[in-house]
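In what follows, a single structure is set out as structure tokens and then discussed.
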Amino acid sequence: MAAAKKHILVLGAGISGLQTSLSLLRRGYRVTIIASHTPGDFSPSYTSPWAGGHWRSHAGTSPSDSALRSYDSGTYKAWTQMLNAAYTTRDAKGRAESAVMGIRYKSICFNPPKYLDYLFKKVQELGVKVIKISVDTASGLSGVVRSVKVVLGKNGLDEVFAMVNCTGLAARHFLENDEAKSLFPIRGQTILVKGEAEMTRTLVGIPDAPESEMLYVVPRPGTGTTILGGCKQVGNWSEEVDKELNERIVARMKRFGLCDELRGQGGDFEVLSYQVGFRPGRTGGPRVEVEDKGKIDGIWVVHNYGHSGAGYQNSIGCAEEVLRLLEPLSIN
Ligand SMILES: Cc1cc2nc3c(=O)[nH]c(=O)nc-3n(C[C@H](O)[C@H](O)[C@H](O)COP(=O)(O)OP(=O)(O)OC[C@H]3O[C@@H](n4cnc5c(N)ncnc54)[C@H](O)[C@@H]3O)c2cc1C
């Protein structure tokens, strides 16, 4: 196989970097990860631990969404196979008051920090070398490639033939102007409550609410907890928890009865924590492609970032696309 034993650097250890690494390792590549944050860390600059944790595709039916559909469905198929042994389904029932239409589908819910830990352990078992360091981004993409080479050298590792850029929102610090401008935060705020909801439920288009606010309920299997959300606030970098938004989420959950099974005797939820995270938004959708400048300092760069609110549900599909893009490059 052409890929066998070729060395690849993955920059980033969020869901995109970890899944890409796992898929590369399984295909026979040698992989080194460089990342400033790894599973177990919690930081506003590290989106992955803050995710809600369900599969709900945002891809539409238009031809321009065909890549999104294939990334999401690739992940759905892989997860469904993975879960086969312990697969349980529950019938959706009811429809929120005043809802004009509803869609029922089999979703998959997961606990993001736990899933990151699982992937991190898996890639290390398969021999990945992890270097926890922040790469200098002041001199653009070519500066990043040079810095990466220096880090590899200092760690006694041989040169890589390609680097996969999985830096999420941080890619805006080193990519060229127009590309950097296309990246923006989509702020999310969630409430972790006690009890596991029967199933995931979403309500969009809430009467009297801004379009940036919606409701979603995501049980975290096996933890006795559930995530309640939320919002999608484009361009908002505020790390502060918005208390009024929390109140609106709770009031709407009660009003529309989205997870009444979690309410205690007094009718309230038992709140465990509040979270804020920044989805890596990108105009035009995720970027999964080979850098169009060709090799930089002798290294191919493949991008895999800009996954907005879909980084988990498209992770395996995107990693498969990275493999497909690398295949012809690894022959040369
Ligand atoms: C509230 C909320 C709910 C969400 N719910 C869902 C959901 O239910 N389902 C779903 O699919 N998605 C969901 N998402 C979206 C998902 O979380 C993101 O799309 C995903 O986490 C992005 O992952 P990433 O690996 O691309 O980026 P990140 O997780 O941000 O990882 C970036 C990595 O790059 C590293 N890095 C960056 N710069 C450097 C540097 N200079 N040097 C070294 N390392 C660097 C970082 O340290 C980190 O390791 C949600 C997001 C939020 C905020």
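Cβ atoms here come from the backbone N, Cα and C positions, even for glycine.
Annotations in TrEMBL come from automatic prediction, not curation.
For the D-dopa site, TrEMBL records Tyr216, Arg279, and the single candidate of Gly309, Gly311, Gly317 listed with them is Gly309.
Of the residues Thr167, Thr190, Thr200, Thr202, TrEMBL puts just one in the FAD site with Thr47, Ser48, Val135: Thr167. Mean model confidence for the domain 'FAD dependent oxidoreductase' (8-79) is a pLDDT of 96. For the domain 'FAD dependent oxidoreductase' (8-79), residue counts in helix, strand and coil come to 32 helix, 13 strand, 27 coil, using DSSP. Same-chain residues with CB within 8 A of the center of the Tyr216, Arg279, Gly309 CB atoms, the D-dopa site residues themselves not counted, are Ala51, Gly52, Ile186, Gly188, Gly229, Gly230, Lys232, Ser308, Ala310.
Long-range Cβ contacts of Ser48 (FAD binding site) within its own chain (separation 6+, distance under 8 Å): Gly14, Ile15, Pro112, Leu116, Gly168, Gly311, Tyr312.
Site extent for FAD: among the recorded binding residues Thr47, Ser48, Val135, Thr167, the largest C-alpha separation is 19 Å. Rounded to a whole number, the C-alpha distance linking Thr47 (FAD binding site) with Arg279 (D-dopa binding site) is 6 angstrom.
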